[in-house]
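According to Swiss-Prot, the protein has these features:
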type	residues	note
BINDING	ASP10, ASP134	Mg(2+) 2 binding site
BINDING	ASP10, GLU48, ASP70	Mg(2+) 1 binding site
DOMAIN	1-142	domain 'RNase H type-1'
Amino acid sequence: MDSKVVIYTDGACAGNPGPGGWGALLQFNDTSKEIFGYELDTTNNRMEITAALEALRILKKSCNVEIYTDSKYLQQGITAWIHNWIKNNWCKSNNEPVKNADLWQKLYAELSKHTIIWKWVKGHANNSGNIAADKLAVQGRETAIEILKCRG
């Protein structure tokens, strides 16, 4: 597992819930890949998780990965909270179901394939990778908005 991949992720939503997009910038050696997508009715947190999930899914082999996110929800959820959620059968300490459990479960399944370090970065603070991921997420969100406009 010599390969090191750096990933920047972001999510964007027009309303919460509303049309949303996710984006990720993957960097490996001197190569970069940009990916993005959208959902017509979603939340900002779902888009944040989806960005990380889709970025990890695109990796073809086990890698050392650094994931940068400006979402404390994503970073804390995957590094701290998820262990108790699993122990409590995807319920929080107050016995309420974990929001977005479907995506958390899929993201958790991807963790075993890689060695991952999760890092939080301040959003909109001149971090070029975060800025690129934000632009991709906005592109996804705008695509969703255009589709909804066409549907009338």
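Backbone N, Cα and C atoms are what each Cβ position is placed from, and that goes for glycine too.
Here the features listed in Swiss-Prot are painted onto the structure.
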residue : record                : CB count, 10 Å
ASP10   : Mg(2+) 2 binding site : 33
GLU48   : Mg(2+) 1 binding site : 28
ASP70   : Mg(2+) 1 binding site : 21
ASP134  : Mg(2+) 2 binding site : 21
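Same-chain neighbours of the Mg(2+) 1 site beyond ASP10, GLU48, ASP70, judged by a C-beta within 8 angstroms of the site's C-beta center, are, in sequence order, THR9, GLY11, MET47, ALA51, THR69, SER71, LEU74, GLY123, ASN130, ALA133, ASP134, ALA137. Mean pLDDT, taken over the domain 'RNase H type-1' (1-142), works out to 96 on the 0 to 100 scale. Secondary structure from DSSP puts ASP10 (Mg(2+) 2 binding site) in a beta strand. Straight-line distance linking the Cα atoms of ASP10 (Mg(2+) 2 binding site) and GLU48 (Mg(2+) 1 binding site), rounded to a whole number, equals 5 Å. Between ASP70 (Mg(2+) 1 binding site) and ASP134 (Mg(2+) 2 binding site), the C-alpha separation comes to 10 Å.
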